[in-house]
Structure formats: C-alpha cells, structure tokens
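Novice: So that we are looking at the same thing, I have put the structure below in structure tokens.
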Amino acid sequence: MTTDWRSPHPFLLSPTEMGRADRLTIEGGIAGIELMEQAGRAVVRAAVELVSAGAQILILCGPGNNGGDGFIAARCLAAMGYGIDVLLISSADRLKGDARLAFERMGLPAERIAEGQEGQKRLPMLLDSVDLIIDGLFGAGLDRPLEGEIKQIVDAVNDSGKPVLAIDLPSGVNGASGQKLGSAVRAQRTVTFFCEKPGHLLFPGRELCGAVVVAQIGIRPDVFGDIRPQTFENAPALWRHAWPMASQQGHKYTKGHAVVFSGSVSSTGAARLGAAAALRAGAGLVTLASPPDAMMVNACHLTAVMLKKLAGEKAVQDLLSDERYSSVLIGPGFGIGAGTRSSVEAILRASRATVLDADALTSFSETPEHLFSLVKLCDAPVVLTPHEGEFARIFPQVEGDKLARARLAARLSGATLILKGADTVIASPDGRAAINHNAPPWLATAGSGDVLAGITTGLLAQGVSGFEAACQAVWLHGEAGNIVGPGLIAEDLAPALKEVLRALVDKFGEG
Ligand SMILES: NC(=O)C1=CN([C@@H]2O[C@H](COP(=O)(O)OP(=O)(O)OC[C@H]3O[C@@H](n4cnc5c(N)ncnc54)[C@H](O)[C@@H]3O)[C@@H](O)[C@H]2O)[C@@H](O)CC1
Ligand SMILES: Nc1ncnc2c1ncn2[C@@H]1O[C@H](COP(=O)(O)OP(=O)(O)O)[C@@H](O)[C@H]1O
Ligand SMILES: [K+]
C-alpha cells in the first residue's frame, strides 16, 4: 500500500469526539436527519460498487443511529431496484430520534423487515441468498462487548463468507482503540464519515475494516478548531511544517552532526545500519563512536560515515564535550548491562537530542524509573523506540490498547515514544499521538529497527523536535519499505530513502 500523503488534514477523531463534531454541526443548523441522509447515501454509493444491478442485499440494523444509516440505505437501494431485506436486532418500538424517523420513512413492505427474534430465525435463510450484507448494527455507540444473540448474528455473518460493507465501523470494533469487543464483523469495505477514527488504523480493527472509504456528509472542517484533536494519522500533513528543508546557503555543519555508538567487535552491524540511515536522512555529518576492539571492523565498512575511537572511563563525556554533536543514537548492538546504563546516563546528562533503542532500553528493565529521571534531566528531545517486547520490559505497569499505552508511556517517561509494529504509534509527552499506516510487512526483518532509529537520529541532528522527527522517521521508513518491496533486507532501506526524499521534497516545493 502506498499512502495518499496529500490528505488535507491529519486528524483522527475518537467516537466521542466524532459525536461532538455531529453535535456542533447540528447546533450550527444542519438537522441530524440530514446528516443521516447523507451518511446513508454514502453507504449506497459504496454498496453499488460491490454488487451488480438487482442484487440481493441484507441490511443488519442496530438500535441506534448506525442502524438509522442502514434504514436510509435500505430505502434508497430498494428504490434503485435492489432486493432489500432489513433485519432489525431490537424492536422497532424502541427506536428513537433520527433512527426512528429513518425507519418510518423506509417504506419497505413489512415482509422484508424482520425484528428481534423473528429476524434471528430468518437469518440463516437470508444469509444463504444474499449477495451483500450491510452492517449497521453498531458504530460509534458501541459501549460493551457483543454477547448472546448479537454475537451469534455476527459470527453467522462472518461464517457465511458473504461480502460485508460496514457502516462507520465493523460492528464490535472499538473506534477509539481498534480492539474487538467480544466478537466483530469482518468487512470487505467500511464507509466512515467526515474523517477516520483510530480504530480504522489500529489492528485488529484495520484488518476487520477492509478498505476504508471516508465520506463527507456535511460536517464542516472548522469543528476541528473546537475539538482540537490530539490524535493524528501519520502523514506529511502532520509534520510538513517541521520538515528540515535544505537551505541554499547551508553547509554540512548547519545540517547537524549525529553520533552513533557502536557495539563491540562481534556486534557492530546494527550501529552501522543506523549511522548510514542518519546520514541518508540528512544529517550533515555522522560519526560512529567505536570501542577500540571494533575499530578495524568498523573502519573496513565505512566510507562517508566517520569513525572515532571511544576509550577510557569518561569517553562519552569527553566526546560530547564537543558541542557540535547535535544528536546521539545508542542501543543497536551495544550490549546489555551496567556499562550501557552509564553511557546512557552520560549522554542524557550532556543534554543532546537522543534516540535510545534496543539494548539501551533493555538495560533499564530493572530500573526504568532511573531511566525516566535521566530523560527528564535532559534538555533536548529524547526518543525511545521499543518494539512490544522492549516496551513490556520498561513499562511493565502500563496496560491497555496500543494508543493508550504509548500515550501513557510517553507521559511517564518524559520521552517521545515510537511503539513499533505494523501499526506503529508515535506519542509525545504532551499528549499528541500519531498512528502510522504505510509500513509494509516486509519491514519485519533483522536490522530494520536499527535503520528507523538512525533515520530519527539524522532528523534530530538537523534540529527537528522529538515528536515531529519520530513521525517523519516512521513515515520515511515505511515509504522506503514500500519502494524496496518483498525481499527487503535492512541494507536496502537507506538507499531507498533517496527516492522517498526526492518525491517528498518535490511535493513540498510545489506548495
Ligand atoms: N447525528 C449523528 O449523530 C450521526 C450519526 N451517524 C451514525 O450514528 C452512529 C452512532 O450512533 P449511536 O450513537 O446511536 O450509536 P450506535 O448506533 O453505534 O449504537 C448505540 C446503541 O447500541 C447500544 N449498544 C452499544 N453496544 C452494544 C452491545 N455490545 N450490545 C448491545 N447493544 C449495544 C447502545 O445502548 C445504544 O442503544 C455512527 O456510528 C454513525 O453510523 C450518522 O448517521 C451521521 C450522523
Ligand atoms: N508486520 C509489520 N508490518 C509493518 N512493519 C513492521 C511489521 N513488523 C515490524 N515492523 C517494523 O519493522 C521494524 C522492526 O524493528 P525491530 O523489531 O526493532 O527489529 P530489529 O531490532 O531487528 O531492527 C520496526 O520499525 C517495526 O515497526
Ligand atoms: K457498523
């Protein structure tokens, strides 16, 4: 998948914030039923793309406004000549507000509408004969796990193997977290309204949604000004303002000097991957700081990256007394233990923009509070880049969904967090969080994380702030992965950045 990186805004709204966007719009003079009418019509547009003329469509409707969207779609699709059956999981008497109005306007013959128990009885027969199922059971209002008869309906839908178009979210998926509540519909396509929700981007929600279509239903983007969302899709629109554009009159020292700490003689490759990536991401200079025993092996492999011997007790302090080093990466292949902890301490006390990865994180498994206090002493941005295993070691008390965990961990540690994986979450201690969605699965290969840490370090070297550098790096890493494609090994990533940067700089230049 390649990202549509020209999306005009990067906001994601939680279901609660989306409810607020609806309310603000309604207070601004657009009736709720009008929004529902637009939502239902967007569902119709998506449905007709999935079936041929005259197809049989089963519309499952829940007790709230998600069901209301389903009633509108039922009316329009029936008028277009599709064979429509509506299965309402509650009784029609209990419908309220706009959903009730939409039900009353539906105009389907009574025999095409099944309510409650009756619907359940008819379900196997209906599932047998349909070409498409539209899921309007629950959307933003899902507030508890699917259980009992509702869970049975959802399981039967999934077992039927028939294509499903979900309204807003596949029922059972929590829009705020992407987590499954009890059971969840597996859709081929999902039509959501106004903008995406975190649950569309976070797994397992992302997979259960299928392809997501965002439809505009009359909500004006100025509601963002009132809501001030703090959750974002990781796309250039989020961090373009912070992009370190090369200045015509710049020179290598104005682009910063990154230092990457190498492991000992038998584990040097990870740091070199990081160093090459830092250089490719635009740092003016990159130095690999190497223990004496690894000098020769590093020297044999380096060209544009410079090499410096690191020896003696105060080696890190001595090195960083040179103010020109503007960012530091430590962790890849560095080794776990007291030596690593004291190097990290010296780096953070030197207040340099720092990326702590791999062994630099694991070394604090027993004393994470000590790490967090050092981070808070550092006057420059600190970025931690754990995968799930490293995260569990340094944040054992932090639980919940991925977005909530990343946010809480950033707040606890005082660092920007890159919680890696297929749906990497970047979180800032100030509460902002971005969800990444351009990373292909072939990034899951040895050394790929070292490259990500290096790209982040290269951006920090140029003075980009922590959250923006982390978001840019994760996005660049994903795009590079897409360019290389299947068969990718970590060494391929830094060279592929050339093409990614070319396209990005060209687009930014176009305004
Ligand atoms: N004016 C609006 O607010 C608009 C809302 N829209 C639609 O409305 C949806 C949100 O509507 P609602 O807030 O009514 O919420 P939903 O329709 O998603 O569901 C709410 C209802 O489901 C019940 N419920 C929640 N979880 C349940 C569970 N596990 N088992 C059984 N019952 C459960 C709740 O008690 C409540 O009655 C959106 O997803 C979207 O599809 C659109 O029509 C656009 C306009
Ligand atoms: N299934 C996946 N889809 C997309 N990206 C992935 C997937 N699995 C891992 N990645 C990415 O690959 C990188 C792996 O990093 P890491 O686990 O630290 O590996 P290493 O330590 O070998 O470099 C991270 O950027 C992570 O987000
Ligand atoms: K739904």
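Residue 1 is the first one shown; counting continues down the chain.
Each residue, glycine too, has its Cβ placed from N, Cα and C.
What TrEMBL records for 65-69, 139-145, D168, A270, G333, H387, D450 is (6S)-NADPHX binding site. Marked as K(+) binding site by TrEMBL: N66, D135, S171. According to TrEMBL, the feature AMP binding site maps to K420, G421, A422, D423, T424, G449. Taken from TrEMBL, the feature domain 'YjeF N-terminal' applies to 18-225. The domain 'YjeF C-terminal' feature in TrEMBL is assigned to 235-504.
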Novice: Mean pLDDT across the domain 'YjeF N-terminal' (18-225), rounded to an integer, is what?
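Specialist: Its mean pLDDT is 97.
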Novice: Quick one: which of the binding-site residues (N66, D135, S171, T424) have their CB closer than 6 Å to ligand 3?
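Specialist: With ligand 3 as the reference and 6 Å as the Cβ limit, the list reads N66, D135, S171.
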Novice: Just to verify a number: CA distance, G449 (AMP binding site) to A140 ((6S)-NADPHX binding site), in angstrom, no decimals.
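Specialist: Roughly 35 Å, rounded to the nearest whole number.
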Novice: Determine which residues of this chain, when N66, D135, S171 are set aside, have a Cβ within 8 Å of the centroid of the K(+) site's Cβ atoms, and list them as they appear in the sequence.
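Specialist: Result: L60, G62, G67, G70, G136, L137, F138, G139, A166, I167, D168, L169, P170, V185.
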Novice: Which of these binding-site residues (S171, A422, T424) have a C-beta closer than 6 Å to some atom of ligand 1?
Specialist: none
Novice: So if I measure Cβ to Cβ from K420 (AMP binding site) and keep only same-chain residues at least 6 apart in sequence, which ones fall under 8 Å?
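Specialist: Result: T385, P386, H387, E388, G449, L452.
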Novice: Excluding K420, G421, A422, D423, T424, G449 themselves, which residues in that chain have a Cβ inside 8 Å of the centre of the Cβ atoms defining the AMP site?
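Specialist: The surrounding set, listed in chain order, is H387, L419, V425, N436, A439.
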Novice: How many Å separate the Cα atoms of S171 (K(+) binding site) and A422 (AMP binding site)?
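Specialist: Their Cα atoms are separated by 22 Å.
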Novice: Including all protein chains shown, what's the count of other C-beta atoms within 10 A of the C-beta of D143 ((6S)-NADPHX binding site)?
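Specialist: Result for D143 ((6S)-NADPHX binding site): 9 neighbouring Cβ atoms inside 10 Å.
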